[in-house]
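Okay, structure first, notes after.
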Amino acid sequence: MNLHEYQGKEILNSFGVRIQRGIVAQNAQEAVAAAKQLTSETGTSWHVIKAQVHAGGRGKGGGVKLAKNLREVEEIAGQIIGMDLVTPQTSAEGKRVHQVLVAEDVYYPGESETSEFYVSVLLNRGTGRNMIMYSTEGGMDIETVAEETPHLIFTEEVDPAVGLMPFQARRVAFNLGLSGLAFKEMTKFVTNLYTAYVKSDSSLFEINPVLKTSDNKIMAVDAKVTIDDNALYRHKNYVDLRDVREESAIEVEAGELGLNYVDLDGNVGCMVNGAGLAMATMDLIKQAGGEPANFLDVGGTADAARVEAAFKIILKDPAVKAILINIFGGIVRCDRVAQGVIDAYKNMGNINVPIIVRLQGTNADIAKELIDNSGLDVMSATEFQEAADKVQQVLA
Ligand code: GDP
Ligand code: MN
């Protein structure tokens, strides 16, 4: 589950990680009230107005702006709320902004220069360990840093048995070129950040930038936080943080139906049982010259109701030109699935795209007969390659 910046910052703050303070606002009036409150708490009269959408690169798209007085707060908030923000991470249509974070300006001048760093915490799947990835090149697109100056990216791997060791936190601060108070602040920041990552059951923290202020405080100016969905049962207070407006409408609906669905850009809809077979099916479609329109795992109980629900979800995507149903009948019998496909097809009336069904496993022969004799415009196949050829045929 992805969070908004303001929600991610609240979680960080709850574990003692210093953050740029802010208040979320739904409209320009609320933004002005938020700015007044922040001024009374922090003394700052400058504020940054930040679009809250699930996409990075907001600054580049005009979604992060500095306001030097209350009139500018009102003007900028009014302009950002309701806009379709286009960033390097959104589609060309952009993402509608429903709310902004009004935050204290933390780039104020002082005894030293401000500097921006990059710090993330994530799982290294290669080693099976959490790691802290960090760089002196904060505020920049980390993919660009990785490509052009990979030697400026450091990692610190954490042994799960002992957790983050104090010397590791000090090494981070050292490699970031800090000394004195800023060094101490950074070790505290990294230590608390790692604790927050583990305790919140997150799968990604990306803080870009982490700021060293002109008075040598270290704080999170941005926060991309992803919570592991499988751990949400242990964090009842995080469940309400989900903002379905930010998610693909089809994916949300599929999730409610208990289907494991991911929307993709291609033209061949897939209905498969099992994630591994679904991946193999997508490969097969690519080899046949098509592009998968989705990933869809219907799970173990592919009865008529589920098949019908899956059909409906797949057909919501106007790009779908063919549907490939690829089911392995292990626990579920193929004839049951075939009957499910036939019933769903009849129930739905006119499905205007060709359907190729490949059923393999228990009672596959009976299933093929059922499909072939159903009189419906559904092609059956028993072999993987045969199914691929048929997909190619209908797409040609
Ligand atoms: P992103 O563009 O979506 O990654 O959004 P960020 O939260 O990282 O903000 C983008 C940029 O806005 C940062 O890299 C900063 O340079 C700038 N910014 C953020 N907060 C402040 C602030 O308090 N004052 C000033 N002057 N700039 C800020
Ligand atoms: Mn950022």
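The chain as shown is numbered from 1 upward.
Placement of Cβ uses the backbone N, Cα and C atoms for every residue, glycine included.
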Per TrEMBL, member of Asn260, Asn267, Asn273, Asn373 binding substrate alongside Gly330, Ile331, Val332
Asn273
Listed binding-site residues adjacent to ligand 2, that is, members of Arg58, Gly59, Asn208, Asp222, Ile331, Val332 whose C-beta is under 6 A away:
Asn208, Asp222
Restricting to the record's substrate-binding residues (Asn273, Gly330, Ile331, Val332), give me the longest CA-CA distance in Å as a whole number.
11
Cβ neighbours within 10 Å, counted over all protein chains: which one of the binding-site residues Lys50, Arg58 has the most?
Lys50
Among the binding-site residues Glu116, Asp222, which residue has its Cβ surrounded by the fewest other Cβ atoms within 10 Å?
Glu116
Fewest C-beta neighbours within 10 angstroms among the binding-site residues Val106, Ile331, Val332 belongs to Ile331
Would you mind sorting out which binding-site residues among Gly330, Ile331, Val332 put a C-beta under 6 angstroms from ligand 1?
none
Asn208 (Mg(2+) binding site) to Glu116 (ATP binding site): how many Å between their Cα atoms?
8
